[in-house]
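Undergrad: Positions annotated as active site, proton donor by TrEMBL: GLU82, GLU316. The feature active site is assigned by TrEMBL to ASP223, GLU337. Marked as Ca(2+) binding site by TrEMBL: THR440. The compositional bias 'Basic and acidic residues' annotation in TrEMBL covers 483-508. Annotation source TrEMBL lists region 'Disordered' at 483-520.
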Amino acid sequence: RERVRAMFYHAYEHYLESAFPYDELRPLTCDGQDTWGSFSLTLIDALDTLLILGNVSEFQRVVSVLQEGVDFDIDVNASVFETNIRVVGGLLSAHLLSKKAGIEVEAGWPCSGPLLRMAEEAARKLLPAFQTPTGMPYGTVNLLHGVNPGETPVTCTAGIGTFIVEFATLSHLTGDPVFEDVARKALKALWKNRSDIGLVGNHIDVITAKWVAQDAGIGAGVDSYFEYLVKGAILLQDKELMSMFLEYNKAIKNYTKFDDWYLWVQMYKGTVSMPVFQSLEAYWPGLQSLIGDIDNAMRTFLNYYTVWKQFGGLPEFYNIPQGYTVDKREGYPLRPELIESAMYLYRATRDPTLLELGRDAVESIEKISKVDCGFATIKDLRDHRLDNRMESFFLAETVKYLYLLFDPDNFIHNNGSAFDVVMTPYGECVLNAGGYVFNTEAHPIDPAALHCCRRQKEEQWEVEDLMQEFYSLKKIKKFPLKRASDHGDGESAKSPEGASSEKGEEKRKSRKSSHSLLTCPSQSFNSKLAVLGQVFLDNT
């Protein structure tokens, strides 16, 4: 763990010294470059890692630097996907962690705050991309002028389906449903355009909804779409998103899985198109662990780990039958995915093999890619040639997952035994109780925060009714409220009760007959009553 901490500071301090305010450090020439916009990206991406390493003072300093220095009103063509996961995700995570970092937060926090306003401003710049006939977004947007007239309508699947975590969080915190609405519409458009055998391709035309690249797999171009169905389902307690993923999971097992490897197949026929393992696919065992499929996850992980041991890193493409790298795809840009899976699986199994992978990763990265000014992308794993680039995800993800693998007591691993109670304009609210959902750039989102900023009357009524019952200690006959329709902020997102109000009503009645609404079978009432993320203590 201490070696990982030292790695972080070696890279971070050289970024500040040689590259700030540019997006990324160029470690071989000790200077900087703008890559994804012009946002001091490495700083935004590394912000929550600072707190996870326990560096409160630097977190506070960087927050004030970003507030003064970052401007989204710039004439720059930015990737909609990358800006969302790195900038919006990084700012949201830092916003939700800022009280923990000792920052004086404003009165309405977490429903308001400077970092939240920055995240919202960045996300608003992305909204023009979603104005297409299908609701699937363009891949690139100009932050000043919107979508360029000649912009290509071809976007990769992940670039369409990787918004629900950040955008739903924004909608819940700000009360503006537009973000969650566009994210859901894009997810559903992909679902609607899956093939008859249940697979999605790699690139699609967002105007006509015609598949341009028809390779189906779990790796590059598709990966985080599947990840966000699972994480969106967990974050929003949304059964529909989970059932979509489970359907895909069946098709993926049926058509792409061979001997615990996953190949690329033609999306309509299911015939193998590329017997290749891509390093980006290494997130999959971690995702399987999130749905409880530990045995399959471990078997696939061990396959991927053999490749790591062969090269001291994961090449971008690995030819499975030949057992070697693919031409022009021999590099390893210090990606986090295998370490991410190891972190999740170690939380689930405590299998020491996973710590060995972590140690191997530290050894490899230090031995091969460490240079005087940071850590350099490995251009070729066969001869260890380096490239003059250190991607921001090295500090956002790779180092973070490594540190969390070796730090079992980190606050991120909180099991709910400790929490903070915050007063908001909408009542009492519980935060920092654990269960963090990482976005695909490893920015942790506190799921409880989504219930702090209630703009919806229905929920307030429900809570008020429960409070009334609490004080009068009488059984109420039924909830006097109509459920919201299937909008994300309403029934499907917040209520794990099912799709219709009648069903919810039936379940409520049957629950009442077995025990009072105010008691919980697993926990005595005298300690606390948790309702939709709020906690009411006896003595209030």
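Glycine is no exception: its Cβ is also placed from the backbone N, Cα and C atoms.
How buried are the listed features, and what sits near them?
TA: Residue environment of GLU82 (active site, proton donor) contains 20 other Cβ atoms, counted within 10 Å of its Cβ in all protein chains.
Counting only same-chain residues six or more apart in sequence, the Cβ atoms lying under 8 angstroms from the Cβ of ASP223 (active site) belong to ALA158, LEU280, GLU281, TYR283, THR440.
Sequence-distant neighbours of GLU316 (active site, proton donor) (same chain, 6+ apart, CB under 8 A from its CB) are GLN278, SER279, LEU280, VAL326, ARG329, GLU330, GLY331, TYR332, PRO333.
Note on GLU337 (active site): other Cβ atoms within 10 Å of its Cβ, all shown chains, come to 25.
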Undergrad: State the count of C-beta atoms found within 10 angstroms of the C-beta of THR440 (Ca(2+) binding site), not counting that atom itself.
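TA: Result for THR440 (Ca(2+) binding site): 25 neighbouring Cβ atoms inside 10 Å.
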Undergrad: Quick one: Cα separation, GLU82 (active site, proton donor) versus GLU337 (active site), in Å?
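TA: That separation, Cα to Cα, works out to 16 Å.
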